[in-house]
Amino acid sequence: MEESMDAKLKYKAKKIKMVFFDIDDTLRVKDTGYMPESIQRVFKALKAKGILVGIASGRARYGVPQEVQDLHADYCVKLNGAYVKDDAKTIIFQAPIPADVVVAYKKWADDMGIFYGMAGRHEAVLSARNDMISNAIDNVYAQLEVCPDYNEYHDVYQMWTFEDKGDGLQLPAELAEHLRLVRWHDNSSDVVLKGTSKALGVSKVVDHLGLKPENILVFGDELNDLELFDYAGISIAMGVSHPLLQEKADFITKKVEEDGILYALEELGLIDKELQFPQLDLENHTGPKVTIKTNHGDMTLVLFPDHAPKTVANFLGLAKEGYYDGIIFHRIIPEFMIQGGDPTGTGMGGQSIYGESFEDEFSDELYNLRGALSMANAGPNTNGSQFFIVQNSKIPYAKKELERGGWPTPIAAAYAENGGTPHLDRRHTVFGQLVDETSFQVLDLIAGVETGAQDKPKEDVIIETIEVFD
C-alpha cells in the first residue's frame, strides 16, 4: 500500500529539473506489457513544465518496447549505466567491458556449467537456448540468437548469467575485481562492470547538463536501482518493488496498474491534478443516496465514498441503525447552514460508529457549496455524528477573487453563482450533496424557521428517519 507524502518531500520537489524512469514494472508491467495511458500524460505534462525526462533501464535500446520509445525521452541511460544517449542519439557516455574480462567471464561460466548472454550496442546474444533461458529473457529480449563468440567481433556492455543458483552465486575474486552480479530474475543476474550502474549513467547526464543530484527524481522497482536511489535527490519506489529498494525510497507509490507514477508526481506537485468535481456533475455520479425525512419535508442527497470513505461509512452506519431517528436540527442559521446529528440536541454530544472521534477527509474535488453535506466538528480530526447542510445562497466574493485565492475555476464559478461557505473548505469534511430542487426548497424552508438562543429553533425540526439507498 502507498504511504502518505510529507510536506518536506513536497518542498524538495521544487528543486526537481529532471525525472528518470525505469521501464520494467515501473513504466509498464514486464510480464503483460501493460503500460497505463497516464504515462503519456506524465511525459507531456513534465515536458510542458520544462522538466526533462529520461529512461534509466537495464535494457539496451533494441530491447526498449516501442510504446516506451514513442515517449521520446530526452535522455536514455541503458544497460545499467554502461551506455547513455540523448534523444538525438548523441552518445553521452559509454563503458564497454574490457575484452579480456569478457573472455575470463565466459571461461568461468563454462567451467561452472552456467549459461550466459552478452549485450552489445546493437544486439544481444545467448550462449545457448533452453526453457530456463527463454523463461528469463524472452519478456525482455525476444528471439535472441545463439552466438557464443559474439565478443570476438563486438564490444560487450553487459552480460547475464542463466542458472538456478540464486543469490548464492558469487564471482571468483579475479572476476569480482572487475564485475558484479545484480540479480533480476530467479534464473538470471545482470553481469555489469564494477563501478557501472544506473547512478553512474545518470550522473553523466547530470554533469552534461550542469545539474546537481538534488535536481533529479527517480522511479524504480528492483535491485539495479539501489545506487540510483542513493544518488538522486528524490527516489520513489513502485507499489510492487523489492523490499530493499523500498527501504531506501523517499516515497512508496501505488502499483503500475494504479497509475502509481502519475499519483506520485501529482502528490509532489510536479504535475497538476486533473480534478473532477462530482458536486457539479451529479447526474453521472453513482454513489449511494440517502433521504433525510423531516417534519418539514424530505431532502435527498448523494454521498461520495471515493473521496471520504470513512465519513460516508460512519454516516451510513448510523443512519441504518436508526441513530438519527428523532434527533433535531439543533442549530439553524439562515444564509449559512442547518446542523443536526446530536442525540442530546445541544451540539455537545454524538458518537461515531468507531466509538471515538475520527480524522478529517479533505478532498481537492469536494467543496462547501450550497447544498453540501459536511461534518460538524470541534476542531481538526474531531468528527463524530454531527453534520450540517450548507444553505447559504450568496457570497461576497466574485469568481475572479476566489480563483486568485486558489479555488479551481469551476468551483469558483459555482460559489459565485449559487452560494456556499468557502471559508469552511479544508476545515470540515464534505461528503454529500443535495440532488434536486425539492430538496433545496426543504432546506430553505428549514433555514427560515424562527430561532432563539444559540440559534436553536423555537419549534423542533425533527429528523424522523434517514432512508439509505446503496
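Glycine residues also receive a Cβ, built from the backbone N, Cα and C atoms like all the rest.
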Of the candidates Asp221, Asp230, Asp250, the one that Swiss-Prot places in the Mg(2+) site of Asp22, Asp24: Asp221
CB within-chain contacts under 8 A for Asp221 (Mg(2+) binding site), separation at least 6: Asp22, Asp24, Asp25, Thr26, Ala237, Met238, Val240, Ser241, His242, Leu245
Other C-beta atoms that fall within 10 angstroms of the C-beta of Asp22 (active site, nucleophile): 25
Where Asp24 (Mg(2+) binding site) falls in three-state DSSP terms: strand
Sorted by sequence, non-Asp22, Asp24, Asp221 residues with Cβ within 8 Å of centre, Mg(2+): Ile23, Asp25, Thr26, Leu27, Lys30, Ser57, Phe219, Gly220, Glu222, Asp225, Met238, Ser241
